[in-house]
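Pulled from TrEMBL, these are the features on record:
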TRANSMEM  24-43  transmembrane segment
TRANSMEM  63-83  transmembrane segment
TRANSMEM  95-112  transmembrane segment
TRANSMEM  150-170  transmembrane segment
TRANSMEM  182-208  transmembrane segment
TRANSMEM  254-276  transmembrane segment
TRANSMEM  282-300  transmembrane segment
Amino acid sequence: MAIGVIGGPLLSRLYYLHGGGRKWVNTFTQSAGFPILFAPLFFLYLRHRSNPQSTHFFMESKLFVASAIIGVFVGLDNFLYTLGLSYLPVSTSSILYATQLAFIAVFARIIVRQKFTPFTINSVVLMTLGSVLLGPRTSGDRPAGVTGKGYLFGFFLTLGSAGLIGLVWPCVELCYAKATRVLNFTVVLQFQLNVAAFASIVSFIAMIANKDFQRIKRVWTRPNHVCCSTSWWRCGVAVLLLRRSWGDILRAGSLLNGILSAVLLPMTEIAAVFAYHEKFTGEKGMALALCLWGFTSYFYGEYQTNKKAKALTKEQADDQYS
């Protein structure tokens, strides 16, 4: 996940630094790596065919429709992020995009009734402060050729992208909760593939309308775009593995995804300083510290909650035995 969250924005920004100006082409690379998921699905299908007790392999129709709709919104979110990145340095963009945690928290509370602990609230406040309050003060590192209005435009585009992805994650969690059949790894894999496929379709149609279609062959001969697409998809596959590994992820998945992304995005800021010689100001350092503090607060709260839950379960089991 770290490779995707850190490497993806760096490679996307590299496209602009070397004179690239096709926003939809750069957007397309964020989701175009979805055919990678066909490989594990193929082997899972073979295993399904060899097991006579297996009943269903393909996800139910309502999940297919939901994933298609979510995919359209993800495609639009990718465009907002890519367009904002064309006006902002990676270090500033990463701080602003970390505000997705605050949006996830709000929408998760409304959509899936996510329960908050004091540690969770503290984490959201700290990471939001580090992103929102300090982000506007980094205008001194405006990229060459970008006007003040353009920088402000990119600032709000990135916040809009963070808000939209903050809505998407709780919607995904709601779709999983409303599933009629058992939600196994195969279904989650299909859901993710379908989301990315429709996000790519959005970008693909826009490329045709923007007369970028004739440049597809040229784009894919560039190692940068191939690596960019692969990096973004490492992040997507990592989220799938998280959902597979932790049983409780289906109940707290959206907020946890926001926490992990938010703590990794400031790492992108540090990587951008070394890779592109961007300024590492005191404000950015403070934002990084707040994000790490919030990350620690969240996981300490989860540790305490799980510890109390296990103690309560053991106590109930002892009472029942006695």
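We count from 1, first residue shown onward.
In case you wondered, yes, glycine gets a Cβ from its N, Cα and C as well.
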### Task
Tally Cβ pairs under 8 Å between the transmembrane segment (150-170) and each listed stretch (63-83, 95-112, 182-208), then give the stretch with the top tally.
95-112
#### Entry: Tertiary contacts of the transmembrane segment (63-83), as residues 6+ beyond its ends and Cβ separation under 8 Å
12, 23-24, 26-27, 30-31, 93, 97, 154, 157-158, 160-161, 164-165, 167-168, 171-172, 175, 179, 187, 190-191, 194-203, 206
## Note on the structure
Within the same chain, the residues 6 or more beyond the ends of the transmembrane segment (182-208) and with Cβ under 8 Å of it are 22, 24-25, 27-28, 30-34, 37-38, 40-41, 44, 48, 57-59, 63-64, 67-68, 70-72, 74-76, 78-79, 172, 175-176, 216, 233, 236, 239-240, 243-244, 250
